[in-house]
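Here's the structure we're looking at; comments come further down.
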Amino acid sequence: MAFAGVLKDADITAALDGCKAADSFDHKKFFQVCGLAGKSADDVKKAFGIIDQDKSGFIEEEELKLFLQNFSAGARALTDAETKVFLKAGDSDGDGKIGVDVYVI
């Protein structure tokens, strides 16, 4: 699992179970349940690197849409509405992407 050594499998499963239905994803709740909210800056940077699939240094909208699949290949994609809310929460400068320096949990 991509997050081995950073997050517990049981916590990831619980977080994914909490947002199986479309439009049920809440990034703050997800981060809390999976345990990422309490992690060090280094662990958050590791997580960012996993989610940043193209290694551009930013998480763009298409990568964010597939956010849950970074935790489990069988997880659903975020809906357009969920993706836009999530992006808005992390995009502090309005450039349409999230940088590691503003990756706030």
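Keep in mind that glycine also has a Cβ here, set from the backbone N, Cα and C atoms.
Whatever TrEMBL says is automated annotation, not expert-curated.
According to TrEMBL:
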- 39-74: domain 'EF-hand' (DOMAIN)
- Asp52, Asp54, Ser56, Phe58, Glu63: Ca(2+) 1 binding site (BINDING)
- Asp91, Asp93, Asp95, Lys97: Ca(2+) 2 binding site (BINDING)
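Structure with TrEMBL features highlighted.
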residue: Asp52; record: Ca(2+) 1 binding site; contacts (Cβ under 8 Å, 6+ apart): Phe58, Ile59, Glu63, Val100
residue: Asp54; record: Ca(2+) 1 binding site; contacts (Cβ under 8 Å, 6+ apart): Glu60, Glu63
residue: Ser56; record: Ca(2+) 1 binding site; contacts (Cβ under 8 Å, 6+ apart): none
residue: Asp95; record: Ca(2+) 2 binding site; contacts (Cβ under 8 Å, 6+ apart): none
residue: Lys97; record: Ca(2+) 2 binding site; contacts (Cβ under 8 Å, 6+ apart): Phe58, Ile59, Glu60, Glu61, Leu87, Asp91
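Beyond the ends of the domain 'EF-hand' (39-74), by six or more residues, the same chain brings 2-3, 6-7, 12-13, 15-16, 19, 25, 80, 83-84, 86-87, 90, 96-100, 103, 105 to within a C-beta distance below 8 angstroms of the stretch. Broken down with DSSP, the domain 'EF-hand' (39-74) shows 20 helix, 3 strand, 13 coil. Here the binding-site residues are Glu63, Asp91, Asp93, and the one whose Cβ sees the fewest other Cβ atoms within 10 Å is Asp93.
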